[in-house]
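Visitor: Pulled these features from Swiss-Prot for this protein:
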{"type": "BINDING", "residues": "CYS27, CYS209, HIS234, GLU238", "note": "Zn(2+) binding site"}
{"type": "MOTIF", "residues": "29-39", "note": "motif ''HIGH' region'"}
{"type": "MOTIF", "residues": "266-270", "note": "motif ''KMSKS' region'"}
{"type": "BINDING", "residues": "LYS269", "note": "ATP binding site"}
Amino acid sequence: MKLYNTLTRKKEEFKPIKEKNVGIYVCGPTVYNYIHVGNARPIVVFDTLRRYFIYKGYNVKFVSNFTDIDDKIINKAKDENIDFREITKKYIQAYLDNVSGLNFDEDDTIHPKATEYIDEMIKFVKTLEDKGAAYNVDGNVYFDITKAKDYGKLSKKNIDDLRAGARIDVNSEKKNPMDFALWKKRKEESEPAWESPWGMGRPGWHLECSVMSKTILGDTIDIHAGGEDLQFPHHENEIAQSETCTGAHFANYWLHNSMITVDKEKMSKSKNNFFLLKDIEKEFDLEVIRLWLLSVHYRNPIDFSHDTLVATKNSLDRLYTAKKFLNRILENSSEKEEKDDNIKTFREKFEQAMDDDINTADAISVLFDFIKYINKNYDENTSKNILLDAKKLMDDISYVLGILFKEDDDDLDSEIEELIEQRNAARKEKDFKKADEIRDKLLSMGIVLKDTRDGVIWERSN
């Protein structure tokens, strides 16, 4: 299995620290607002990575944090005149509701909150201070980037260029403009703060992830992941402070997903071109979002549009139709001792795609090729052994991709029947254009209509 390591800028064979065990840390949300579809990409991508490791027999320790203390949270609490913990509680629950719809494996996820690790953060900063890598200025503690070995090695940024390109820093407390806050002193009495050797204050954002990953996964972790926008300065600063503190290599593999675009521009709150999952969910099941996010390789940008989601929904319907067809013919299949070696070939192609840096786009193509093969070659006369092998492969691929997890798909049949009724009504009204459009929509879902003397019947296409 090869993964593209941002640190080395090449695909590398994955070698875990401990055989058949893997620790993964994914930077989670700052919980001050609802998550948008751009926030969903790392959730889906790295959950799929976790699922594939499990498929391959690994024990996985998966950590995704909540940043529950931050300037944005403090400002929102101030604006709404409520305690900051009410803000974080509300948006953590909203996040959990959304990721449940995305079929994120919540049960096997560790969700540390920054405020639960304050003591560990203070010890971490004290260690850096004792090593001469951090300095205190009137209650604010900064990391001195000149003390970090190879600063810029992840983002490939040169420290001298960074200094030259840095804006004139209004904070004259810093020794270098690129130094960053490890501990921030409280600005006013109403701000949340904790006691420390440097006075009342709170941790800096970069510090939080370093300490939580160290405490839960150890000084060196297998995989650190997140969106590519976190490469610099967040992940770069994590490396600097962690490796200076522990003297150990921080993470062996760095994985970064690319951005979501809208009309080829990055989706972001600052550009006001973002779409909240809770709003998208009013029209589309979040399983559609999951399949769409996996339809493009995670290191490539993916463009968001309503038309794309409609097409993805139709694709998902086709998959559910194939799943139901396979289950139905399995119930009536014959007990013959037969095998189909093509199933093994499809499995090998799926694994080949996933072993190549989690190429979910190719893996999905394999799945669609497989259901075409099922529709064309299998029926009630097919051996039960063959159909069980086919079902096992479909279930395994579905598990890894995190799709087709709904057992009751009566809703799909109801939708098909409703569309057929709409088509019948359109034909009675001689609105043949609308009737053809409905027929084409059903065809895109893998449903073929046949007009008979007894009425319209439908079946799955090949």
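Each residue's number is its place along the chain shown, starting with 1.
Placed from the backbone N, Cα and C atoms, the Cβ positions cover glycine too.
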Visitor: Of all the binding-site residues here, CYS27, CYS209, which one's CB has the most other CB atoms within 10 A?
Guide: CYS209
Visitor: Count, for each of the binding-site residues HIS234, GLU238, the other C-beta atoms lying within 10 angstroms of its own C-beta, and report the residue with the smallest count.
Guide: HIS234
Visitor: Looking only at the motif ''KMSKS' region' (266-270), report the model's average pLDDT.
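Guide: The average pLDDT of the model in the motif ''KMSKS' region' (266-270) works out to 75.
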Visitor: What other residues of the same chain, not counting CYS27, CYS209, HIS234, GLU238, have a CB atom within 8 A of the CB centroid of the Zn(2+) site?
Guide: TRP205, HIS206, GLU208, SER210, HIS224, GLY226, LEU230, HIS235, ASN237
